[in-house]
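**Student:** Pasting the feature list from TrEMBL:
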DOMAIN    28-124  domain 'Ig-like'
DOMAIN    131-223  domain 'Ig-like'
DOMAIN    237-323  domain 'Ig-like'
DOMAIN    327-413  domain 'Ig-like'
DOMAIN    423-517  domain 'Fibronectin type-III'
DOMAIN    519-616  domain 'Fibronectin type-III'
DOMAIN    622-726  domain 'Fibronectin type-III'
DOMAIN    731-824  domain 'Fibronectin type-III'
DOMAIN    829-924  domain 'Fibronectin type-III'
TRANSMEM  932-957  transmembrane segment
Amino acid sequence: FKISLSYMVTYVVTHCLYCTVCCIPKKPISVELSCGAGPVHVVLEPDHPLLLECHLGASESPLNVTWLRDGVLLSESQTIRPLPNGSLLILPSSTDGQAPVGVEGGYSCLSTSSTGALTSRALTLHLASLSRFLQDPEPQVVPVGGTARFECYVDGLPTPSITWEKDQAPLPAPTQPLEPSRYISLPNGVLQILGVTKEDEGLYRCLAFNSARTRFSQDASLTKLRGSLNTITIQYRVVIVAPPRNSTVVMGRPAVMECMAQGEPKPFVSWSRQDGKPIATDVVVLATNLVIPDTRSHHAGVYVCRANKPKTRDFVSSPAELRVLAPPVILQPPEAVSLSRGNTARFVCNSSGDPPPALRWLKNGEPVQSNARVKTQNPGVLLINQLRLDDAGYYQCIAANSLGTACATAKLSVIVREGLPSPPRHVLAIPHSSTSALLTWDPPEHNSDQIIGFSVHYQRTAGSDNMEYQFAVNNDTTELHVKELLPHTAYTFYVVAYSLMGASRPSLPVTVEMLEDVPSASPQLSLLSTSPTDIRVMWLPLSLHLSRGAITRYRIDYRALEQVDHIYSVEVGGNETQVTLKDLKPNQTYQLRIAAGTRAGFSQSSEWASHHTPNLTQVLFAPTELKVRAKMHSLHVTWQPPPNHTQITGYKLSWRELDGEELANEEKPMINERIQQIKLRKRVKHHEVTGLAPDGLYEVKVWAFNKQTEGYPAVWKGRTEKTTDSLPPLPPISVRARANSSTSIWLRWEKPHFSNVRIINYTIRCSPAGIRNASLVSYYTSSSQEILLESLKPFTSYEIAVQSNGADMSGPFSSTVEEPTLPDRPSSPPLDMQLSALDSYSVLVSWRPPLEPNGVILSYWILYTGNISHPDHLWIHLTHDGSVNSAEVQGLMSGMRYYFKMGACTEVGVGPYSPVKDVLTPPKKYGVYLDIHAVTGIIVGVCVGLLCILLCMCVSFRNGKTRYAPLQTLKDP
């Protein structure tokens with residue numbers, strides 16, 4: 001009834017609104033917008049209103065429905081009417097009867113409820129249209145018996161239907177009922193006329209129509225050529241006159257593979273697929289053409305048209321590729337999960353489409369912002385660590401390509417149980433050195449006695465997408481010495497407490513900046529002379545990783561080669577990148593080095609670099625204003641002539657790549673000796689260096705030369721642009737796992753042999769084997785090539801994989817290794833221990849195995865006593881095999897209360913005992929103790945006795961009757 005009433009309200013409101021615009025009401029065309037599969041395009045046709053209904057499938061009724069067009073909030077107008085039930089009515093014309101303006105675009109709806117918000121897939125709305133003919137048919141002159149071909153092309157929405165007319169009348173039909181038509185009209189606007197006769201002469205035109213309008217093409221004449229095909233053009237060679245064309249078709253629309261061949265005799269035309277697969281059964285053969293009415297993905301491929309000359313082996317073939325574009329489809333939607341606070345949520349979404357769709361994630365209708373806790377991984381994985389209450393809501397995976405969008409929804413519920421510990425208090429971080437800090441905290445104020453451990457979380461404060469590191473700490477400590485931090489870097493720490501019930505809320509974060517350190521490397525030097533008495537010293541600033549603090553000054557040491565014991569020093573500010581040493585001697589060799597300094601001190605000086613000052617008489621100065629514009633694969637170099645440019649003949653330009661990885665780790669960079677050099681004319685003042693690697697460090701030199709000497713170079717050093725589609729790092733190799741204890745596993749791996757990017761750290765994924773519950777998957781981070789995975793479950797097999805992380809992206813996980821933890825004592829007692837007294841002297845004990853055996857149960861220990869105050873060693877101890885679940889305890893005393901408890905035992909030892917239960921043996925029954933055999937004997941004896949008495953009575957009665965019989969005879973004479 002509710003559905004019928006809702007439909008009636010929508011129908012009535014829609015018709016009432018539309019009747020205010022048009023005289024004749026039309027039933028609207030209803031299109032549902034959801035987060036599932038559905039149309040991605042819709043056409044607003046004349047006289048047909050469009051009703052968009054928002055159905056996002058949330059469990060709660062929406063509180064508010066908002067409509068958007070191209071991502072912008074939609075406002076009501078004469079042609080766009082939001083309805084009270086949340087639907088959107090779009091009218092095909094305005095009040096003046098003209099076509100609506102500004103209604104085309106991508107429509108989506110946003111539904112808001114108390115749990116969160118959901119957005120629908122985008123639906124692109126187009127107005128019905130039909131263009132002018134983009135190609136008109138052309139006149140044809142064909143001999144009798146030949147084949148004529150006309151073609152026209154028009155564009156429109158909805159896809160127009162195309163028919164042909166001859167002399168402004170429909171094409172003639174076959175004269176005989178079973179005779180095939182000689183007129184082949186293809187859906188792509190081609191008309192083929194087979195076996196042309198004199199009657200086929202005339203004017204032909206193309207007619208295209210859809211709901212927008214009808215259009216006619218220009219007329220094209222068909223003229224019969226004198227003579228016949230046999231007498232005029234005898235073609236012994238087979239020719240394909242209309243070969244198939246490569247085409248791209250949107251899935252669901254028709255596709256045509258045309259093929260026309262001529263020859264004498266008439267060739268035989270056949271089709272095949274180049275990959276050897278059979279042609280689909282839904283493909284229609286129309287004369288010698290292939291027509292696919294409803295194109296699907298399996299139709300894509302290369303089709304080959306082959307024309308054979310009958311009774312010979314002569315043939316020609318022509319291939320053409322059919323590509324089928326498909327809108328996005330969600331193959332694996334994310335699954336709804338309910339997790340406790342502090343756990344890890346992992347959503348997986350896989351999609352398909354052509355072109356391959358791009359994936360993005362929404363939370364409550366807004367883009368998910370990546371941060372230290374929330375990461376998006378390829379392909380289509382959303383990872384949320386350390387769940388908080390504000391993480392709850394609706395998460396949507398949106399797949400989009402040029403044909404449309406598809407989406408899938410999953411709800412994340414964050415559960416907070418009663419009795420959880422409150423957050424840790426008084427978190428304090430104190431720098432211990434430039435690379436380590438001491439973190440301390442106080443236990444939670446509430447439920448601190450239930451804590452089983454803490455987790456420490458930290459990340460760099462600056463930046464929005466930093467890696468978050470996590471360490472597990474036992475419950476017997478409230479401090480952690482955090483190492484391997486970066487000097488002069490701010491870090492944010494927080495602590496979470498864990499009990500058996502779950503995780504607490506995170507503590508208040510605390511931020512600390514690490515101490516500065518001396519730089520770990522010195523800058524690179526570039527040297528040139530602009531005159532015989534000076535040397536210009538240039539260098540590149542150190543990276544943050546190498547500077548390890550704020551660079552406050554540079555020290556340049558120099559000495560003449562003839563006087564190595566006399567070292568001179570010059571200091572400049574930390575913002576400088578060059579300095580000119582003056583008043584030097586011409587034609588002398590000098591050695592120079594540089595050191596960078598922070599407040600903590602200077603780095604180790606660079607290696608001595610040599611430079612020879614020019615001669616006063618013959619010198620060519622370096623070119624001026626050297627500028628280099630770096631691109632991804634090239635460097636555009638420009639310069640200006642030196643001051644004495646009249647003495648030069650031309651320029652030389654060289655470039656080489658510096659090893660960036662060695663540069664980042666060594667004080668003295670390893671130089672790639674493959675130097676490339678070219679000569680340029682004097683008038684040339686620019687050059688494009690191509691074929692370079694993205695994000696590579698290069699050195700470019702330009703110098704002048706003449707017939708007598710070469711000048712001093714102008715030098716530039718810098719990097720090419722980073723690639724936008726760089727490949728992710730390769731996964732680690734030789735992953736090895738070894739159980740260290742019942743709760744820990746040592747994991748070691750090796751760096752991939754060929755790494756295309758610099759690996760910063762590694763992510764370790766660990767989960768119980770065979771389990772696909774995302775809440776049981778744990779992730780760890782390590783900057784070294786080993787890690788001890790702790791806080792695992794005993795006697796449990798784990799699947800472990802390792803992932804390499806670069807500076808900007810993460811690579812795929814390695815192959816999975818499986819390793820079980822060692823067994824341990826059971827951490828829980830046997831379940832449901834039941835006691836029942838069999839008699840006064842025995843009790844039956846039954847139970848179920850423990851919930852957490854932590855190994856193979858070898859035996860069960862049953863302890864019982866008549867005095868509950870006795871210590872354990874005074875209880876009577878019985879052992880039973882671990883494969884049984886019940887046992888009979890005999891030799892008890894009657895009428896006595898006994899107390900029982902039991903535990904399970906593995907190879908490591910016995911686990912905790914079950915709660916004590918008691919049973920009362922029944923008292924002994926005094927008197928003759930008769931067993932079943934005695935009772936049976938008594939019953940048999942009594943029965944025999946009764947039978948004997950009955951026989952005696954029968955005999956006595958019979959004897960009595962015999963004794964009285966003679967007396968009666970005497971009395972009767």
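From the backbone N, Cα and C atoms, a Cβ is placed for every residue, glycine too.
Because the structure is a prediction, the values reported are computed rather than measured.
Could you place these features in context, so I can see how deep they sit and what lies close by?
**Tutor:** In this model, the domain 'Ig-like' (28-124) carries an average pLDDT of 81.
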**Student:** When you check the domain 'Fibronectin type-III' (423-517) against the domain 'Fibronectin type-III' (731-824), do you get at least 3 Cβ pairs under 8 Å, counting only pairs 6 or more apart in sequence?
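**Tutor:** With 3 or more qualifying Cβ pairs, these stretches touch.
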**Student:** Okay, the domain 'Fibronectin type-III' (731-824) and the domain 'Ig-like' (237-323): do they have at least three CB pairs under 8 Å, pairs separated by 6 or more?
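**Tutor:** Stretch pair does not touch.
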**Student:** For the domain 'Ig-like' (327-413), what does DSSP give as the number of helix, strand and coil residues?
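**Tutor:** The counts are 3 helix, 54 strand, 30 coil.
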**Student:** Take the transmembrane segment (932-957) and find every residue of the same chain, 6 or more past its ends, with a Cβ under 8 Å from one of its Cβ atoms.
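**Tutor:** Distal contacts: none.
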**Student:** Helix, strand, coil: count each for the residues of the domain 'Fibronectin type-III' (622-726), based on DSSP.
**Tutor:** 9 helix, 49 strand, 47 coil
